[in-house]
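Record features (Swiss-Prot):
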type	residues	note
BINDING	CYS231, CYS243, CYS246, CYS248	[2Fe-2S] cluster binding site
COMPBIAS	155-170	compositional bias 'Polar residues'
REGION	1-160	region 'N-terminal SAM-like domain'
REGION	154-179	region 'Disordered'
REGION	161-223	region 'Linker'
REGION	231-248	region 'Fe-S binding site A'
REGION	313-327	region 'Fe-S binding site B'
MOTIF	324-327	motif 'Cx2C motif 2'
Amino acid sequence: MTSNILLLLHPTVVTDQHIVENIKLKISNTHKDFHLSQTTIDRLTQGSIEFDNNSFDEIIYINPNEEQYREIPNSLMKLIFDLLKLNGKFTGDLPTDQNLDVLMNGFLIINQNEWNKPQPEETVVTLKKKSTTTNNNSNTSTIKKSFPMFKKLNNDNASTPGLTDSSAGTSEDETATVSNKRKLVESKLVYFSDDDDDDDYDGSSDGEDLINENDLIAESNKYKIIVPKKCELPNGKKRKKACKDCTCGLKELEEEEIKSQGKLQDTVLANMAQSATIEAIKIEERMKKNKIKFTEEDLSEIDFTVAGKTGGCGSCSLGDAFRCDGCPFLGLPPFKPGEVVRID
């Protein structure tokens, strides 16, 4: 049977021209009847070349890089899984630090250089046994399991607890529980009890056993409600700053005001920075347009002793009070143009 084999090449294979030739030679020695295809990772992932799913018995990955640089993306791993047939193999230069991704994509790790696409196992569903029927004289009867019957407690027998088994006696704990329930009913606190047992209440009790909610509200009005004091001074003026334990809401108002001021300042600074950037760009553009060009006469050395020749500031011969910081005549007395000045 012909085996379909795919050579999946990493782009760095071009660094060694003998790698692919050696792999093909090994394949020809180990396989008698095979059909070999070859492509690169980038062409496969970009869709430049397409293969049918479940079309390859083996995919060989060639990556000459070191182990820490052999990572395979999940998208490529899933694509390789789809191209392999059932029980197909993915071999070659595989990464060793992606075991979780390999298992999540459906592969089984056989060894360090081989992953396998397993064949799914058939699931076995256990069917429920149907109810048996007996036929007697064309009369069909279905055998059904009977459930135990329980006796419901009546209001007349509320003083004694109802038992499902007449042979069981009444324990001390059950007696105490029944007496506590009876006390709750007498004190009209059943409405507030969190007992989920509906045996004692079957919906037939009168409304007198329940407490009216309006009565509870009326009773709560008797208690004095604590109202927080306003942050006001004795003279009637309002406080400029909230107290340490403020409860009137002034502290929250101050915090909101501080936040609004901060946002306003951030907006102003951002606008200023933006305008400064725009102005700097305009200045730079103007400087590029107005280029300063010096002639040969401007670039030649200036002799301050010759009449008509002056420095850039034109004040070198007037004295130190008029000379620049880097003037070579600093410290010398004033001189006239044409006068010989020597600097020792």
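Note that Cβ sites are derived from N, Cα and C of the backbone, with glycine treated the same way.
In the three-state DSSP assignment, the secondary structure recorded for CYS246 ([2Fe-2S] cluster binding site) is coil. Of the listed binding-site residues CYS243, CYS248, the Cβ environment within 10 Å is emptiest of other Cβ atoms at CYS243. The number of other CB atoms found within 10 A of the CB of CYS246 ([2Fe-2S] cluster binding site), across every protein chain shown, is 16.
The average pLDDT for the region 'Linker' (161-223) in the predicted structure is 57. Look at the motif 'Cx2C motif 2' (324-327): DSSP puts its residues at 0 helix, 0 strand, 4 coil.
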